[in-house]
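Copied over from Swiss-Prot, here are the features:
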type: BINDING; residues: 15-22, 62-66, 120-123; note: GTP binding site
type: MOTIF; residues: 37-45; note: motif 'Effector region'
Amino acid sequence: MASSASRFIKCVTVGDGAVGKTCMLICYTSNKFPTDYIPTVFDNFSANVVVDSTTVNLGLWDTAGQEDYNRLRPLSYRGADVFVLAFSLVSRASYENIMKKWIPELQHYAPGVPIVLVGTKLDLREDKHYLLDHPGMIPVTTAQGEELRKQIGAAYYIECSSKTQQNVKGVFDAAIKVVIQPPTKQREKKKKKSRQGCSMMNMFRGRKMSCFKS
């Protein structure tokens with residue numbers, strides 16, 4: 001058990017400002033929705049977490065999505081094991097910025113790090129009062145979120161609500177799983193590269209043998 005607990009996973013949340021990243025982190029770590037003061041950035045948090053009988057030390061890093069933090073934000077990416085990339089289900093602009101802004105930024109500063117795509121504020125997507133107060137706003141559908149996951153190559157797509165706590169734990173369970181149990185495609189790629197390496201070695205060996213024979 002001690003050796004399992006020593007496995008450290010750095011999880012960094014990324015996405016536009018005001019999509020609910022900080023609320024999601026507070027909800028996950030305190031099991032309650034913040035109703036008073038909500039900080040711009042959540043303090044770094046670390047705790048032992050058990051997922052699928054495996055204990056890991058999960059470190060959570062929050063980032064500010066506003067342009068004012070564009071220079072400082074990438075400093076948090078160093079050493080990241082997984083990114084939780086969030087957009088609001090009731091903000092199409094934040095959804096579109098996943099491809100426009102966040103994927104290019106992550107590919108530049110942290111290429112190859114797995115991503116869990118998250119649609120936040122799930123409770124508001126079906127809230128009739130909220131929709132009436134925001135005429136013309138078209139929520140992001142589950143199908144559109146799943147399509148975006150495929151486009152960016154994210155390991156998971158999860159919709160959650162910090163206010164109701166729906167699926168919040170599932171977001172970070174998925175982030176842990178993608179590190180300790182990489183998706184099948186990633187494992188297959190590694191095996192394929194290994195097989196290709198072996199076949200190349202065998203090919204070179206064959207050429208050497210034929211040279212010696214002649």
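Here the Cβ of each residue, glycine as well, is placed from N, Cα and C on the backbone.
Location within the structure of each feature annotated in Swiss-Prot.
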{"residue": "G15", "record": "GTP binding site", "DSSP (3 states)": "strand"}
{"residue": "K21", "record": "GTP binding site", "DSSP (3 states)": "helix"}
{"residue": "T63", "record": "GTP binding site", "DSSP (3 states)": "coil"}
{"residue": "L122", "record": "GTP binding site", "DSSP (3 states)": "helix"}
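Note on the binding-site residues T63, Q66: the fewest other CB atoms within 10 A surround the CB of Q66.
For the binding-site residues A18, L122, the ranking by surrounding Cβ atoms (within 10 Å, all protein chains) places L122 first. Counting every protein chain shown, 26 other Cβ atoms lie within 10 Å of the Cβ of G15 (GTP binding site). Over the motif 'Effector region' (37-45) the predicted model carries a mean pLDDT of 72.
For K21 (GTP binding site), the Cβ neighbour count at a 10 Å cut-off comes to 27, with all displayed protein chains included.
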